[in-house]
Amino acid sequence: MAEHESLEFGKADFVLLDTVSTPEFMANLKLRFEKGRIYTYIGEVVVSVNPYRSMNIYGRDTIEQYKDRELYERPPHLFAIADAAYKAMKRRNKDNCIVISGESGAGKTEASKYIMQYIAAITNPGQRAEVERVKNMLLKSNCVLEAFGNAKTNRNDNSSRFGKYMDINFDFKGDPIGGHISNYLLEKSRVIVQQSGERSFHSFYQLVLGGPEQLLRSLHIQKDPAAYNYIKVGRQVKSSINDAADFKAVADAMKVIGFAPEEIQTVYKILATILHLGNMKFASDGDVTLIENGKLVSVLGELLSTKQENVEKALLYRTVSTGRDVIDKQHTEQEASYGRDALAKAIYERLFCWIVGRINDIIEVKNYDAKVHGKNTVIGVLDIYGFEIFQNNSFEQFCINYCNEKLQQLFIQLVLRQEQEEYQREGIPWKHIDYFNNQIIVDLVEQQHKGIFAILDEACMNVGKVTDEMFLQALNSKLAKHAHYSSRKLCPTDKSLEFDRDFRIRHYAGNVVYSVVSFIDKNKDTLFQDFKRLLYNSSNPVLKAMWPEGKLSITEVTKRPLTAATLFKNSMISLVENLSSKEPYYVRCIKPNDMKSPLLFEDERCRHQVEYLGLLENVRVRRAGFAYRQTYERFLQRYKMISQFTWPNHDLPTDREAVMRLVQGCGFEQDVAYGKTKVFIRTPRTLFTLEEQRAQMVQRIVIFLQKVWRGTIARLQYRRMRAALTIIRFYRRYKVKSYIREVARRFHNVLGMKDKGKHVKWPTPPKVLRKFEEALQGIYNRWRASHLIRTLPPEDLPQVRAKVAALETLKGHRADLGLQRAWEGNYLKRDKPEAVSSFTLVSSELQRKDKFMSVLFSCHVRKINRFNKAEDRAILITDRHLYKMDPLKQYKPMKSIPLYNVTGVSVSPGKDQLVAFHTKDSRDLIACLQGMVPPSESRVGELVGVLASHFKSEKRKLQVSTVSPIQCSMHGKKCTIVVETKINQSQPDFTKSRSGYILSVPGN
């Protein structure tokens, strides 16, 4: 049963109608259509009304709602029937089929596409690439087949002009692994002529209106359908079709499926050939038939990859074998036109069959061994032309309506047989239902020696000229007494029938008048052997492969080919046998109006369809005694909460007894019967009452379950948190211990190592010990340093401390700190040996005077004086003062700066030797070290290091900055020193600038 929808939408299942009558059926159907509910059940049959508008009920969210749900659990939908078929195939490992029927324009093609879309969406959860490829090709095949097999008719913008049955093969896991498409009776006469208001096949308009300019030029095609006789009528028809966009979609789909570029090009050439054939005209010059527009012959020769003279000969002559002689018989103008049209129809039909065969070659199941891979199961989807009644009904409509008669007969047989077998199997008495059995009409068409097909074949085999009128006379004589056949000769007063032209068949769907015009020609389906040889001898291998019979010699005797009627009858018998071997699911499509309006529901139009589809009989059969049946297990699963004897689980011997106790408790025992495995409910009212009671109980159960579940979840979360914290605590302890043990193991003999463990790699610590690791490494580094320092001579310790201080303050800021060389400190003795005595005398005098203990650093510099001029000087830094000296006056002391007045030092990050000494009284000393030997030696690092080390020993802080430009204070004024590199500069020098000073240093 469908989900219990609100009554404002009507009954979701026609079986649940209070009374089964045509007015109530139609009222429910109309109400659901007007409320936007286009699907309704009849048991397991879906009745679909074409909405003539886009509906947002086919998206991913909707697919998830129907996936793995029972048919009765959700509102009626195509997805529900598709899911039911898929689940039945997987559960019972049995082949299924979905039969979609209804008249033209009722929405059969769209229904089949949605079913395919659903099956593709719910399969292959593992996203296997091969399965995805197969699914994609199966979906894309619809696009290609619609382009070449569908056309706009007066009833439908996308009418299927062929029958299609697709088998989808699944592996044992339920994933699609391949498929096979069967096609039936392409309406090839549409290639050369269409009724008013209709178009030829979509493929022609897609090529002409959507093909690229370069392609159309190569095919000699104009971008105007009106230029071609075969399709110019369809160009005037208004429709919502976008042919240009569809051309690209079809081309892309063919590439995805696997058509080779040369195959796609051949398809376009064949379409162009047919368009050019339609423009070919013939004329008579006495007894000679000529082609008026001869240029087209060369175009056809180019497109068909054959010689121009061979094309012309095939169009104008027919090769006839008379015993041993072979002669060329020239066509009359009428015969040439007939041959041209026959060729166009045959080429298109052969192209269509080749496309279907090519798709089958690609999507067929390959390398599948049932012993290895498990049983291969199938879901078949039948989308075949619906019942048709046109203004002019010809041979194609006769075949189409015969096909619908066969499918209706199959529907009646299967529905009745399944219902009867179920009642007999369950031991429930069967009540016979009257219904219209259309077997009499099927026999009228297909019966051996007596049916219309047999009479038509007999007429075609007669020697001499046989006309359509002679065929009609044969029908009148042999079927005169048949209740479902009539003609003007048999009913002289019926003026709706034309003498010697029309006959009427009383189909299950209504009376249809057929015109016998062209019945003989269409049944013979004659195509001169000359055309077959012409196409077989093409140098195009794709085209050549389409016409294998062209290799026969003209003198070779062959069997008479089967007629079109016989071929179609055989294919229908085979199709019905195939469907009968599968478990069927039905979609019955209804067309609400002829205006394609989403708002109009024509009662009489729909009532006629309901009657001829046998939907009312279907409801009566389904309700024959019992409107609803279900296995005891599933019935209990759905309704056990209603009774205290069955909730939450029963303790009775069997499910049958539990169901009986539940039904008795509700007081429905008079409305229920018990089968061997199923319970049967007679009226829908009982089921609705059960559903209402279930809904009330479910609400209470849900609240109870929510309470219990929330408490359970809270307790589980608490236990998990406690367990997690315990695990985390022990795990951290374990990781910490492991880390400490590993550190101890790696550094076990570190004292005996030559490098005191410098080469030992530290283990990766757990996250919680990262800061601990940093501290531990610091302790280790200090320990190692202390051991290394102990090995140094005492006289080297001041230099080491100075280098450490330089490294701490300048590492990462200046590239060359001079750490690799020995630091001498007092460089004035080394840089100018000739002035050593003068400097020594002055320094001794200063030591005696100022009582300093040691010289920290000395060097020649270029400095800025108080007059903002640059001058050469020397600096001498002791442990108490910074002295400025004049090297030109035998290092005469100029002025000194007490070290306690120095607050910091600034250096630049480059290779220059700029140093700025910052003082408390804002009288900074700006100097650039120079006169180094060798000249490339950098002493800035040493100067900073010895000063920083000295200040540290006196427990004073020296602020060291590495910046560019350097900010200073000269005589209380702020200034900036910028370093610039000059190519031709020989020595560093200062120049005044607007903001301060520029130090120019050599660039080489």
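Cβ coordinates are placed from backbone N, Cα and C, and glycine is handled just like the others.
Predicted, not measured: the structure shown is a model, and the values here were computed from it.
Here TrEMBL gives region 'Actin-binding' for one range in the set 296-318, 572-594, 802-824: that range is 572-594. Long-range Cβ contacts of GLY105 (ATP binding site) within its own chain (separation 6+, distance under 8 Å): ASN50, THR153, ARG155, ASN156, SER159, GLY386, LYS591, ASP594, LYS596. Neighbouring residues of the recorded ATP site, listed in sequence order and excluding GLY102, GLU103, SER104, GLY105, ALA106, GLY107, LYS108, THR109, comprise ASN50, ARG155, ASN156, SER159, GLY386, CYS589, LYS591 (Cβ within 8 Å of the Cβ centroid). Predicted-model confidence for the domain 'TH1' (812-1003) is 89, expressed as mean pLDDT. The DSSP breakdown of the region 'Actin-binding' (572-594), given as helix, strand and coil counts, is 9 helix, 8 strand, 6 coil.
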